[in-house]
Structures are given as C-alpha cells and as structure tokens.
Amino acid sequence: MSVSELTVATQDYLKAIWSLQEWTDKPVTLTALSRRVAVAKSTASDAIKKLAEAGLVAHNPYGAIELTNEGTKNALAMVRRHRILELYLVEELGYQWDQVDAEAEKLEHAVSDFLIEKMDEKLGHPTRDPHGDPIPSSTGKINKPDALPLCEAKTGSYRVERISDFDPGLLRYLDSNGIDVLSSFELLETNPYSGSFDLLFKDGRKVELSEKAANYLWVSKIN
C-alpha cells in the first residue's frame with residue numbers, strides 16, 4: 001500500500017512512532033506516543049489497535065510499540081516528505097528554520113510523491129533537512145550521523161550534526177548566536193553545579209547553553 005492511500009491520522013501515527021525511536025534506544029510507549037500526537041492515551045490505544053490490525057505495527061498490551069516492515073516503509077515515506085518540504089521552504093521560499101516544522105506538518109499530507117521527487121531534484125538530492133535530520137532516500141535508506149547529545153559530551157572539539165526542532169525558541173536563540181548545523185566549537189569544562197555548557201568558537205565567541213538546551217543538540221567529535 002502506498003503512503004498516499006493511508007489516512008492522515010495513520011500517516012501521523014507512523015511518523016510519530018518513527019520519530020520517537022529515531023534518536024534513542026528507548027522503547028516507544030503508548031504514553032510517549034499519545035503525548036507526541038497530542039491525544040488522550042485511550043485515543044492513541046484505539047489507533048494502535050487499528051494499525052496492528054492493518055499490519056503496520058506490532059504491539060502487546062502494556063508493551064512497546066514497534067513498526068512492522070510495512071509500517072517502517074510508510075513511516076520513512078512520511079519522514080522523507082516532511083524533511084524535503086522543510087528544506088524546500090528554507091532554501092527556495094526563504095522561511096526561517098524555526099518556521100518550517102508546523103508548515104511542513106500541514107503540507108506533507110497533501111503533496112504527491114511526484115511533487116516530492118521534483119522538490120528533491122530541485123534541491124540537488126539533499127541528505128539532511130535544515131535541522132540536520134537525515135532525509136530518507138526514495139527507497140527508504142537513511143544515513144544517520146554518528147552523534148551524541150551535547151549534554152553527554154566531554155571537553156574537546158565538536159561539530160553540530162543535528163538540532164531538534166522541538167523548541168522554535170531555542171532555534172531562534174541559537175540562530176542569534178551564530179550556531180547552526182555543522183558549526184564547529186570547543187566544549188570547555190562544564191560546571192556541574194550550574195549545569196551550563198560553555199562553547200568556544202574559532203572567532204572567539206563564547207556561548208553558554210543550559211542543560212535543557214544541550215539536550216536538543218547532537219554533536220560529533222572532531223579528532
């Protein structure tokens with residue numbers, strides 16, 4: 001079944017399940033899923049039962065929710081739509097990176113696969129969206145950077161690989177301080193009492209981030 005044949009709700013649930021497990025090994029729970037799609041837990045439970053009956057997810061009562069092969073295929077198709085739309089809005093229409101998530105959420109259900117492929121071609125077949133998240137290929141292949149949350153990093157040289165778009169305010173703050181995907185910096189000694197992370201850039205800029213903000217940045221070590 002093509003992703004275009006699925007209902008909007010099914011598309012949203014599949015993409016949400018994928019997103020919840022993309023950057024963590026933690027199992028996807030019904031509670032986490034209901035929060036992500038902003039519905040009551042009972043509503044999410046009913047939806048998961050229908051997805052399981054359709055062969056898109058595997059779920060035992062009180063257990064983790066897992067995508068089946070068919071569910072994964074369709075989830076990745078929706079992720080691809082979303083991330084190509086985000087990048088197109090930034091690169092071709094002049095949107096700011098803190099504005100595109102909500103816009104792409106609306107558009108992803110209406111566009112055709114043909115339009116997405118045309119956008120992909122126009123953009124030069126990109127591998128990342130504006131926030132550094134990997135864009136799945138048209139065949140469902142996805143290459144994640146080898147990265148860890150900044151809050152888990154030790155002192156040393158790093159490069160920003162991904163910034164979660166969960167908090168638009170943080171994106172605006174980072175932008176105002178010249179921090180974006182692929183920015184390189186030196187992580188100085190962290191303060192265990194204040195919970196702050198001090199980033200030193202080559203041009204001499206020093207930016208202090210809270211532990212909460214550091215949770216949203218994923219970085220790779222520069223040797």
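The backbone N, Cα and C atoms fix where each Cβ goes, glycine too.
Per TrEMBL, domain 'HTH dtxR-type' is recorded for 1-68. Looking at the domain 'HTH dtxR-type' (1-68) alone, the prediction's average pLDDT is 95.
In the domain 'HTH dtxR-type' (1-68), the DSSP tally of helix, strand and coil residues is 39 helix, 7 strand, 22 coil.
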